[in-house]
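What follows is one structure encoded as structure tokens, with my remarks underneath.
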Amino acid sequence: MGLLDYFRSSQAKNSAGVAKERLQILVAHDRAVRGRPSYLPQLQQEILEVIRKYVDVDLDAVSVNYEQEDEREVLELNIVIPDAPHASHAP
Amino acid sequence: MARIIVITSGKGGVGKTTTSAALAMGLAQRGKRTVVIDFDVGLRNLDLIMGCERRVVYDFINVINQEANLNQALIRDKRCDHLYVLPASQTRDKDALTKEGVGRVLEELAQSYDFIVCDSPAGIEHGATMAMYYADDAIVVTNPEVSSVRDSDRMLGILSSRSRRAENSDEPVREFLLLTRYNAERVEIGEMLSVEDVQEILSLNLLGVIPESKAVLNASNSGIPVILDRESDAGQAYGDVVSRYLGEEVPHRFIHTEKKGFLSRIFRG
């Protein structure tokens, strides 16, 4: 590599660096999904349906998060309920 | 008792069969009784790379279906007495690879061999999962390229959850990284992931780095495992891989470009 190329390549973003960055994000995501039980999406859907019977929440109001730690598994359920209480569908 | 090694990758075309042929030949040359099995049913290629394609009579599926016995199907390598090839079937459906059948054949081979090298097909379908199911060791062949690295990581996930060792909660499969088609010049100018980059992402024990080399195509053209080309960089790199696999400490080579003088670096490149 000549001197001129050296300056040129240090300015332009090098593609191996881009590849590494993309892979790190992708692999971390793949691994997080890998350990998850396969019933999670359905669980999320059914919980949402139950809540929507009583409270008028958005379609993305329920988030299910699953984490595996050394000794235990954590299933985290997060439901966002709107600020102003709407008229309830419940009897 | 034999050690079962799977050569796997997820992605196709990264060098699994080249590696299987080289590793099996290298182990056999060191006096280890070795058999190399082609698991790519329907697309057999190991026999071509080993140069024994005209001697195939019976195949792996025939043995599984008990239409032939192992002695009829095994092809003895003409260059090395300790090496045998068990070819895949070219015509049968890959579902013919049953877990019980594969297990039975491997068990029989384990009586009389030191190493059983399983050449996995690409993908994560049945053939690939059968090739890795009984493995004691896995060599994950990876190119320094995004899709190959990602697929390797996926394969590692499958190994750690769906191998026999994982199912029986035995000691896990030993996993090794083999980086192939490595181009040190392109790594140096930032156009290719470096061996450190790939290791950082996959966190695997590095078994070796095989440089991108004309010797690999020349070897496959003539049906000679590239490890027999001792003059070539790839042949020597595979030789190092075999030594390392057998527990020798061998420094890694072909990772860096040859050092140039200061002036030639500046003016010529």
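For all residues, glycine too, the Cβ spot is worked out from N, Cα and C.
Please treat TrEMBL annotations as automatic predictions, because they have not gone through curation.
Straight from TrEMBL, the features:
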- B:K11, B:G12, B:G13, B:V14, B:G15, B:K16, B:T17, B:T18: ATP binding site (BINDING)
- B:3-151: domain 'AAA' (DOMAIN)
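All features noted in TrEMBL, drawn onto the structure.
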| residue | record | CB count, 10 Å |
| --- | --- | --- |
| B:K11 | ATP binding site | 20 |
| B:G12 | ATP binding site | 13 |
| B:G13 | ATP binding site | 11 |
| B:V14 | ATP binding site | 25 |
| B:G15 | ATP binding site | 22 |
| B:K16 | ATP binding site | 30 |
| B:T17 | ATP binding site | 26 |
| B:T18 | ATP binding site | 27 |
Name them in sequence order: residues not among B:K11, B:G12, B:G13, B:V14, B:G15, B:K16, B:T17, B:T18 whose Cβ is within 8 Å of the mean position of the Cβ atoms defining the ATP site. B:S9, B:T19, B:A122, B:V141, B:T180
